[in-house]
Amino acid sequence: MPENRRPRRTGGRKPSRSPRPTPKPPATDGPVIELEVERVAHGGVFVARHEGRVVFVADAIPGERVAARVSDQAKEKFWRAETVEVLEASPDRREHVWAEASVDRAPELRPGGAEFGHIRMERQRALKGEVLRDALARMAGVEVGVEVAPVDPALAEGVSVDDGTGWRTRMRLHVGADGRVGPYAARSHSIVPVTSVPLAVAELAALAPLGDRFPGATAIDLVAPSAGDPAIVMVEGDRPARGSRPTIEERVGDRSFRLDRDGFWQVHRGAAATLTRAVQELVDDDLFDPRAANHDLYGGVGLLAAAVGDRFGETVRITTVESDARATEHAGANLSEWLGARAVTARVDRYLAELEAGSGAAERARLRDATIVLDPPRAGAGREVVERLVELHPRQLVYVACDPVAFARDVGLFRERGYELDELRAYDLFPNTHHVEAVARLRAIV
Ligand SMILES: C[S@@+](CC[C@H](N)C(=O)[O-])C[C@H]1O[C@@H](n2cnc3c(N)ncnc32)[C@H](O)[C@@H]1O
């Protein structure tokens, strides 16, 4: 984008009636204690112990000795603390990729969202693999080694894979009462001033209005679709505005997807292509039947249904199920070339309940022969959805997961009910954060 082009600023959302409760800010006057950092925990923090009590400490690395300020002593069983000085550094420590999130800054002034930015990339991925492996062992009874793969540079044009910056195509900045713009501080809802946003793709980093004021706004959303110009959208509350909503186009290989500008799309520039490839590779051809009642649950605008369709051809029968009516409308249009594709607006739990109650013998048989892709939000599919799926007994499931603990819980539920974890991949779709994406195939064994 030419440097002198003005960003588009548009009003986008209506004020919400009941603002979300603001979390209590971490204490800034807690005691400073010395800690030996033992291991990584889920959530981007690390486990240490102080006088027998667990302390979850941020901005550290296992093996380090740090001085940390206690920011939360409210719980009996554990405290929370933030590193303020590294006394013995890990060989995997590096300059933070976001200077303002460095341990040199006071913890309450460090922006959130890059909690692994002080760790070399290979170690970040190893730590994410440990979290996933540990969750699967504890919650699903599965012992597996997990390698977290970086995004293939061929799938993420313009992204610096080396240091994990320049990948975010969506970003929300918050606006304070004085109209100033900035990210939230880590583990808090206070807005902190920053001069850069290094995780954003270059065109968003250039547009981020970090010195500007936006009186009346509550947030600023930045969106950089892979096709077309990036946009800045002023948010005045939580709710989408009624009436017409602008749409954008995203490209994945040769395929194009239309969606609402404020609709869900994978955030990393290379994520949609990475997941497309992963799903195509994980569906087992021997188990796949194009005429079965195949599904893409939590389907968004049809990305993963298209992945299946592109792999198995135009005879594929597949239904996407998505709770957002606008996304379903787009999915219907995005998949319109496949005669066997259908897009349904429904909550997955209710949809499966109706399927179970309303299917005759022939449809039941097609469901047993089916391949089900599911890509739920962070909370995972949950017990009810797992139980309904097991009842329908599809041959294979390809589960795309962005939360290791919710995923491991669901794998455990599937395993108790006659499915096995057949193959597992993991991808670093959120470099410099603690997040990791897993893609797994589960197969019916009974
Ligand atoms: C992680 S996104 C995946 C979307 C799509 N697979 C993709 O990669 O673009 C999860 C989607 O599930 C939808 N969703 C959330 N809860 C749902 C529910 N209970 N039933 C159906 N869809 C739901 C969200 O609106 C969102 O589009």
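Even glycines carry a Cβ here, placed using N, Cα and C.
No curator has checked TrEMBL annotations; they are predicted automatically.
The region 'Disordered' annotation in TrEMBL covers 1-30. According to TrEMBL, the compositional bias 'Pro residues' annotation covers 18-28. Annotation comment: TrEMBL describes 26-85 as domain 'TRAM'. Residues or ranges marked as S-adenosyl-L-methionine binding site in TrEMBL: Gln266, Tyr298, Glu322, Asp375. Taken from TrEMBL, the feature active site, nucleophile applies to Cys402.
For Asp375 (S-adenosyl-L-methionine binding site) paired with the residue listed as 'active site, nucleophile', the C-alpha to C-alpha distance reads 8 Å.
Counted with DSSP, the domain 'TRAM' (26-85) comes out as 0 helix, 36 strand, 24 coil.
Those residues of the chain, other than Gln266, Tyr298, Glu322, Asp375, with a C-beta within 8 angstroms of the mean position of the S-adenosyl-L-methionine site C-beta atoms are Phe264, Asp296, Gly299, Gly300, Leu303, Leu304, Pro376, Pro377, Val400. Within the same chain, the residues at least 6 positions away from Glu322 (S-adenosyl-L-methionine binding site) whose Cβ sits under 8 Å from its Cβ are Tyr298, Gly299, Gly300, Thr328, Ala331, Ala343, Val344, Thr345, Ala346, listed in sequence order. Just so you know, the Cβ of Gln266 (S-adenosyl-L-methionine binding site) picks up 23 other Cβ atoms within 10 Å once every protein chain is counted. Calculated from their C-alpha atoms, the gap between Gln266 (S-adenosyl-L-methionine binding site) and Cys402 (active site, nucleophile) amounts to 11 Å. The secondary structure of Gln266 (S-adenosyl-L-methionine binding site), as reduced to three states from DSSP, is coil rather than helix or strand. A simple way to gauge crowding: the CB of Cys402 (active site, nucleophile) has 20 other CB atoms within 10 angstroms, across all the protein chains here. Overall, the recorded S-adenosyl-L-methionine-binding residues Gln266, Tyr298, Glu322, Asp375 cover a maximum inter-Cα distance of 15 Å.
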